[in-house]
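**Student:** The structure that follows is given in the form of structure tokens.
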Ligand SMILES: *[C@@H]1O[C@H](CO)[C@@H](O)[C@H](O)[C@H]1NC(C)=O
Ligand SMILES: *[C@@H]1O[C@H](CO)[C@@H](O)[C@H](O)[C@H]1NC(C)=O
Ligand SMILES: *[C@@H]1O[C@H](CO)[C@@H](O)[C@H](O)[C@H]1NC(C)=O
Ligand SMILES: *[C@@H]1O[C@H](CO)[C@@H](O)[C@H](O)[C@H]1NC(C)=O
């Protein structure tokens, strides 16, 4: 009888404690419930408290229909999205989440996952210099009411980069706030830093807009920092540090703690930023895996921000150089890869046999470099069973007694750069080594800032010479010489080794990343609380590397273009920056990657951004809401969900939707995921003339052998009456064409302008 009763209880009360406790699915977790666009009419009365309360009440009612009354304390909303889009977040069990996802008002329900900052984390970080920015000549275009919203780890308001001297009053349209926190006052905001918000997390470690990590401060100052002369990292990278749009305003949205960034908070940050009135949103955050667009907080938030006229710029990720690693790939996102600057930091490893080998390093010299015994990690293993781990210097695999007082050599083979930091610290703290030489599996290494600790990374050629030397002698020794700054380094830019590569995992029919910008050794503002170097004073600036650093360069550039071209939409700004991007390095040769091969569009997108040229692109590709909605149809979303996302009850998906048609949305690059040999495929595009009204353009094609590309028509004459013109591109791979991805470009030329559209075609 008792068994029967129990069973019965389980069936009739699936959420009751008796059954729920036993299953991990029934432990409530934080979920995001996404419900599409806000009703356009309610947008007008955004500030209306009654309206907001009504929406919250409706969400609570929805929750109460699925959460059992015994657990009524869970009928509560953690984040409420109401400005740019509708939805909320709450604690739900897996079953409840599933039930909610079937509700007709709900588009998607997904767990609140933790995303990561896109810097390469080591002890400290790497960063470069604003020298390149000052060459943009931005002084001439000082306009100051563009607002960049930074979603990151918060901000250090006292940094000289956020000084508001010479900046006019806060734009009257600004609706944001400067939230106070435990260590942050309203007076910390000024005419430069006009807004600061933070979003409490479950652990309550987030209670102020202040940055304690450094990432947000660094990114914000790269996008829009005021010029600061004589900035340096303890003398390295000395120069004037400043943002891409030095007179733009900054609004900081702290959605990350030092552990990471919660998706639900990112959505709240975007919702607020749009309502506050930002023009550009900069997000140097992502995850290593791709979620479906409607389950990806950045993709959802960015879609609605774009609908509200905001440019959304995101980092591509640091998961390169393998293909299919690029993140933030929605077509309404501006996705940024990282490149090197023409400045490098090198350190020479002097071997006992007199041989000097160059490596990458950023450490500060405290005392004289001394000669120390040299040991390969593998030879410092306690026993042979951990020899492989020891050769890579994994924590716990080395015998500290065999390391003390020596320089240790570690050889890495596959770890993405972002995972490496954790290996180093135990080495120094536990084993009292005098220095570390890290052998990368390739050339083109990116230095790490390591305070006063001699840490040098070498490529595989120098690495094998070091290992051979160790083998050749009984008592190998070495000296690591101090870091020297190399300016006017060539070639530059090159694609950074770590930069995530296309194609995108979700669809290969949109070419990603879009563009490339500096992301190696970038010098920018730092939280001076962070001790970057033992025995040295605190530094207000530091160097970091990552697509986290390249993203705000493009955010600043987009703000710059917008400040001059007021009426351009987000997609016009993106198109202008893409079609004018540079494809040559400082040797006047085609851009390369870190192993000296020509950089393809899956690595560099359209090329290295060139903001000054983007002001006069001649022609632009406008990617409209209609394009984005069709993209969603082609991708496979239901018409019902798309209508709700678009707040357009009349929208109809094209009759025959399939993923191949994605190639046809009016994007400033072209990608074809599948082309049969001996069959042709025709792609449509439309250009809008933003140059002189009477102009004539001729198309020129650059394509690899065997791939026949024709532009029809190949001449377009614009007149006063003709602003937009369609054209077609046909692709045909004959027997001479190589299988796999073929890369090339189509360029529209008039007398003075060139509009370059890169393409990738995957041939059978
Ligand atoms: C720049 O700063 C350094 C200290 O970091 C100082 O020695 C030097 O005089 C300064 N130079 C100028 C031009 O202000
Ligand atoms: C080898 O050394 C590792 C690391 O100290 C240790 O965990 C492991 O138990 C050792 N194995 C043998 C067979 O001694
Ligand atoms: C550089 O490009 C070549 C040719 O596409 C490729 O084989 C190589 O893996 C790339 N190297 C890096 C580090 O990305
Ligand atoms: C493509 O056409 C060429 C010439 O007509 C022929 O030799 C070749 O076999 C064809 N290839 C395929 C895959 O159909």
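The backbone N, Cα and C atoms fix where each Cβ goes, glycine too.
Annotation source TrEMBL lists active site, charge relay system at 152, 215, 548. Residues annotated as domain 'Inhibitor I9' in TrEMBL: 31-118. For 144-584, the entry in TrEMBL reads domain 'Peptidase S8/S53'. Marked as domain 'Subtilisin-like protease fibronectin type-III' by TrEMBL: 664-760. For 1-16, the entry in TrEMBL reads signal peptide.
Tell me what's around each of these sites.
**Tutor:** Neighbours of residue 152 (active site, charge relay system), defined as other CB atoms within 10 A of its CB across all chains, total 29.
Around the Cβ of residue 215 (active site, charge relay system), 27 further Cβ atoms fall within 10 Å across all displayed protein chains.
Cβ neighbour count for residue 548 (active site, charge relay system): 32 (other Cβ atoms within 10 Å of its Cβ, all protein chains included). The DSSP secondary structure for residue 548 (active site, charge relay system) is helix.
The predicted model assigns the domain 'Inhibitor I9' (31-118) a mean pLDDT of 84.
Under DSSP, residues within the domain 'Subtilisin-like protease fibronectin type-III' (664-760) fall into helix, strand and coil as 1 helix, 63 strand, 33 coil.
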**Student:** Reported as an integer number of Å, what is the Cα distance between residue 152 (active site, charge relay system) and residue 215 (active site, charge relay system)?
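**Tutor:** Distance (Cα to Cα, whole Å): 7 Å.
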**Student:** State the Cα to Cα distance, in Å, between residue 215 (active site, charge relay system) and residue 548 (active site, charge relay system), rounded to an integer.
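**Tutor:** Per the Cα atoms, residue 215 (active site, charge relay system) and residue 548 (active site, charge relay system) stand 8 Å apart.
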**Student:** Could you give me the DSSP helix, strand and coil counts for the domain 'Inhibitor I9' (31-118)?
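**Tutor:** Helix, strand and coil residues of the domain 'Inhibitor I9' (31-118) number 34 helix, 26 strand, 28 coil.
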**Student:** Per DSSP, residue 152 (active site, charge relay system) is which: helix, strand or coil?
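**Tutor:** In three-state terms, residue 152 (active site, charge relay system) counts as strand.
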**Student:** Check the DSSP secondary structure of residue 215 (active site, charge relay system), expressed as helix, strand or coil.
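**Tutor:** Going by the DSSP assignment, residue 215 (active site, charge relay system) falls within a helical segment, counted as helix.
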